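Annotated features in TrEMBL:
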type: TRANSMEM; residues: 29-55; note: transmembrane segment
type: DOMAIN; residues: 45-294; note: domain 'G-protein coupled receptors family 1 profile'
type: TRANSMEM; residues: 62-82; note: transmembrane segment
type: TRANSMEM; residues: 102-124; note: transmembrane segment
type: TRANSMEM; residues: 144-166; note: transmembrane segment
type: TRANSMEM; residues: 209-230; note: transmembrane segment
type: TRANSMEM; residues: 242-265; note: transmembrane segment
type: TRANSMEM; residues: 277-296; note: transmembrane segment
Amino acid sequence: MKIPNTPTNSSTITGFILLGFPCSREGQILLFVLFSAIYLLTLMGNGSIICAVCWDQRLHTPMYILLANFSFLEIWYVTSTVPNMLANLLSDNKVISFSGCFLQFYFFFSLGSTECFFLAIMAFDRYLAICWPLHYPTLMNGCVCTYLVVSCWVLGFLWFLAPIVIISQMSFCGSRIIDHFLCDPGPLLALTCTRVPVIELTSSTLSSLLLFIPFFFITGSYALVLRAVLKVPSAAGQRKAFSTCGSHLAVVSLFYGSVMVMYVSPTSEHEAGMQKIVTLFYSVVTPLINPIIYSLRNKDMKHAMKKLLGV
């Protein structure tokens with residue numbers, strides 16, 4: 001791998017070098033094929049859910065409308081990192097422009113923030129459907145669903161805006177090498193001319209709030225759901241109620257289980273290899289697995305998928 005001369009003057013830095021996954025040329029090509037296949041399967045899986053929800057009238061309910069929006073989000077979430085990662089795998093210099101780096105930084109974290117909010121309102125939807133079944137059509141009507149969806153997107157794209165703008169205005173000195181496959185705040189802050197603890201603390205605090213507020217909301221919603229389900233007299237009724245929540249709980253566990261490892265504490269405290277593995281899991285692997293989870297565990301979705309595919 002060729003790495004250009006590393007400037008020492010901050011004024012000469014016009015971009016960064018994303019090391020990605022240092023290995024032999026053959027290894028880079030193998031990773032390119034692997035991640036290309038994952039990316040295409042992710043687009044196909046999430047795209048299929050969107051098409052199924054759009055074309056099947058029975059799925060025009062808040063639960064599936066939220067799921068279609070979530071799948072749309074996943075497509076953009078994986079697109080914010082994988083195409084650039086694929087280009088870097090075939091590149092000799094691994095350079096990403098300064099503006100390109102911070103645009104990726106912004107969209108990756110904004111889409112990740114939006115995902116946290118979406119997981120929360122999907123849990124809220126299940127709470128209303130199971131705990132307030134008679135009032136559900138009124139409580140979760142089309143206007144409320146639209147409002148919640150728009151709120152998720154707006155909040156997600158505003159959450160990290162101020163820290164990202166501030167970091168982009170800072171001076172970077174010495175090495176411009178980022179030992180990662182994307183522009184992450186930890187490695188970026190390590191390249192600044194002077195460490196600014198306030199920015200690091202703000203970034204860590206916002207990350208923690210973003211994770212824990214929706215997580216506690218989800219936990220509270222499912223605690224109330226569990227209490228309501230246990231009051232259902234028939235075992236069949238309990239299984240049906242749990243089946244509507246099982247897919248979402250699996251997705252929440254996958255996403256939060258990996259993200260909390262990285263962003264509850266500052267990323268600079270983790271080894272570079274661990275950063276890449278964990279980030280790869282929640283940014284690339286989970287968007288691939290999520291459509292499979294929702295398709296396999298939901299009868300209506302399986303029926304719609306078969307209808308879509310003409311099976």
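Glycine too: its Cβ is placed from the backbone N, Cα and C atoms.
The stretches the transmembrane segment (62-82) and the transmembrane segment (277-296) meet in space: the count of Cβ pairs below 8 angstroms, excluding pairs fewer than 6 apart in sequence, reaches at least three. Sequence-remote contacts of a segment are chain residues at least 6 beyond its ends whose Cβ falls under 8 Å from one of its Cβ atoms, and for the transmembrane segment (277-296) they are 35, 38-39, 41-42, 45-46, 48-49, 67, 70-71, 74-75, 77-78, 81-82, 108, 112, 180-182, 184, 247, 250-251, 254-255, 258-259, 261-262, 270, 302, 305.
Confidence annotation: the domain 'G-protein coupled receptors family 1 profile' (45-294) carries a mean pLDDT of 87 in the model.
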